[in-house]
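**Student:** Mind looking over this structure? Questions follow.
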C-alpha cells in the first residue's frame, strides 16, 4: 500500500486533551490475530489519525475523530472495534452506521479483512435485499458486527429482529452526512441510539466536522475525546486542483470530450449534482463512443453492485456519479476527479476530490465552472484556505 508518510506527518491536530501517540501497532497492545490481519492488509505503521485515535477507542471513551480522506479512518475505528469485542460471544456487540449502501458494504469488507485471523462474524445490513436474507445469514453464523445504513438497521430494531442488549459500541462514519439536515438521517440516528444500552460507547468519524455537527453530538455523547484536524490542514496535499472556466453550461460537454482526448487516465470519477444529469451525461458520452459507467441512488442494488465491481476491478475506467459515491468509497487506481457540477454542499467538495490521491497517492481534481459558479468556487477556496488554479494550456503537465 503506497502511503506518503511525509505528508501524513505534516498534519496538525487539535485535541480536547493530551494524547499518547502510538508510533507502531505493536505499541497499542493489540491481539496477535488482529496484528496479523493489520499487516496482512498491507499496513506497516499507523497513520497520524490511527496513532492518536485507536487507543482512545480501545479505552472505551467516546471519541470524535476527524482526518483527511484516504488516511485510514475506516481502519482506525475498525481496529479499535475488533480489539474491543469479545470473540467468545457470538451476539451483536458493535454497530457501524454510514450514509450509503456501498460504503456500508465496503466497511464490512474492511472488518472481514482486518479480522481475517480472528474469525469475526460481520454483516452488511443495507436496503436492496430482503430482511429474510439478513436474518438467515445472521442466525446461521452469528453476528458480532453489523455495518449498515440507518434506515435498514432502524427497521430491524423496530421489528425486534436485532438484539441490541449487548451492543457496546456505536460508530457513525461520515458523521457530518448522518447528522446533517440534508439527507434526513439525523432522526433515525437518534431513534437508533435510544434502543442501545445506556453504557454504549459512541465513536464519530468524518473528514469534515462543522461546529453544528459537533453541537449535535452533545445529545448522545459523554465527554468525548476530540481529535480534529486544524482547518488549514484539511485540503488534500497530494491532489492538484484546477478549474476550467466554461462560461456556459452548454459548453461543459465539449470541454469534457477535449479533456478525455488529452489526458492519460488510469481511472476517473465524474461528479454531477443530479441523477438526471448523471443519466444524461452517461448517455451522451456513450453516444460519442466513450466507455463509461454510471451510478446513483435510484438504481437497483444489483446494478449498483455490478457498477462498483467493474470499476474496482478496472473493467471500467470512467464512472459518472452523484454524491452517493463521494463518501468514503476507496478505489485506489482513481487518479482524476472531474466536478462536472460544483457541489451544492460545500463539505462535499473535499469528499469528492478525496476520491483521487487515496492514501497519499498523487491525484488531480478539475472543476468545470460557469460564470454563475465563480462565487461558489471563491467560497470553497476561502473555506478550505486553498487556491484552485486555471487548467494550464499544456495538459500533459497536470497528470
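Every residue, even glycine, has its Cβ placed from backbone N, Cα and C.
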**Student:** From the ranges 165-168, 169-172, 173-176, grab the one Swiss-Prot calls motif 'DEAD box'.
**Tutor:** 173-176
**Student:** Starting from the Cβ of residue 67 (ATP binding site), draw a 10 Å sphere and report how many other Cβ atoms land inside it.
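**Tutor:** Result for residue 67 (ATP binding site): 27 other Cβ atoms within 10 Å.
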**Student:** Starting from the Cβ of residue 73 (ATP binding site), draw a 10 Å sphere and report how many other Cβ atoms land inside it.
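**Tutor:** Other Cβ atoms found within 10 Å: 23.
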**Student:** For residue 73 (ATP binding site), name the DSSP secondary structure in the helix/strand/coil scheme.
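**Tutor:** Assignment for residue 73 (ATP binding site) reads helix.
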**Student:** Could you give the number of helix, strand and coil residues in the motif 'Q motif' (23-51) as assigned by DSSP?
**Tutor:** 17 helix, 0 strand, 12 coil
